[in-house]
Amino acid sequence: MFVRKSCYSLINATRRCLRYRQLSSTTAGTVGTTAPTANISLNDEPQPAAAEMDEFTKEFLRNRIEVSDIQRLILSAGSSVAALVDPRRHDMIACLGETTGREALEKILHYMRSTEEGQRILVEKPRINTRTVDMEALKKMPEHTFGYTYVKFMEDNNITPDSRMEVRFLDEPGLAYVMTRYRETHDMVHAILDMPTNMLGEVTVKWVEALNTGLPMCYGGAVFGAFRLRTKQRQNYLRKYLPWALRTGNRIKPLMGVYWEKRWEQDVTELRKELNIELLAP
């Protein structure tokens, strides 16, 4: 009983902190005639002038919420408990990813800067939603292409690329874009791995993503999500899915460096071979 009360107290504190920071952010953005000047990037370098910023950076700096170290700790602890209590709280899961993933995001950013394809992603900062991706055109592609595989996966699972939350609790635009890219390409990882969006599929993909990206929230989702599997699912998970996920996560190439949108026309089998992906046997 004490543990339960403590958990809900922590969750309520997180909600209050979220509401307070959102109110503060809204007020700061509407009062006065100048924009806030406290936005500092990595190594305390000043932000570039607005005219030099890309659209993602402008939008991120308008909407981000600055938090102190104490507030970040509260958000991290509270969101982790809330996500465990109710895995459907995508806002809490998103908050957890942003407040615990800085080190992993920095490593991903460093890797992306080291490859030609990754550099192109970081320069162009593509977004994935129904305004930027022509889903109807993908439907008309040959069935063996990655583009067709992706859109069929989205339709079969009745999901949309427009459902991803904005990044708000990171303080550096580069890291914010990496987190945004992770969220927006999550469905593409499902598609390339041929994993459904049910609980078993999500837990399996989270293991692959955890080992591939190092993001703490992925490890948390993989470990604690498994406890929510039904008995039969848990048996299949331990016997087939978990060993495959661990093997796959350790052997495949870094997926965050893949410019998926430039691979629409590529043969999906060829793409999987390039990334060292072997599908789970039926």
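Every residue gets a Cβ built from N, Cα and C, even glycine.
Of all Cβ atoms in the shown protein chains, 22 besides its own fall within 10 Å of the Cβ of ASP187 (Zn(2+) binding site). The Zn(2+) binding site annotation in Swiss-Prot covers HIS186, ASP187, HIS190, GLU202 and is backed by sequence analysis.
Summarising the annotation, Swiss-Prot assigns transit peptide to 1-30.
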Completion exercise
Cβ contacts within 10 Å for GLU202 (Zn(2+) binding site), all chains included, total 18
Completion exercise
GLU202 (Zn(2+) binding site) falls, by DSSP collapsed to helix, strand or coil, into helix
Problem - Residue, out of the binding-site residues HIS186, HIS190, whose Cβ gathers the largest set of other Cβ atoms within 10 Å - result: HIS190
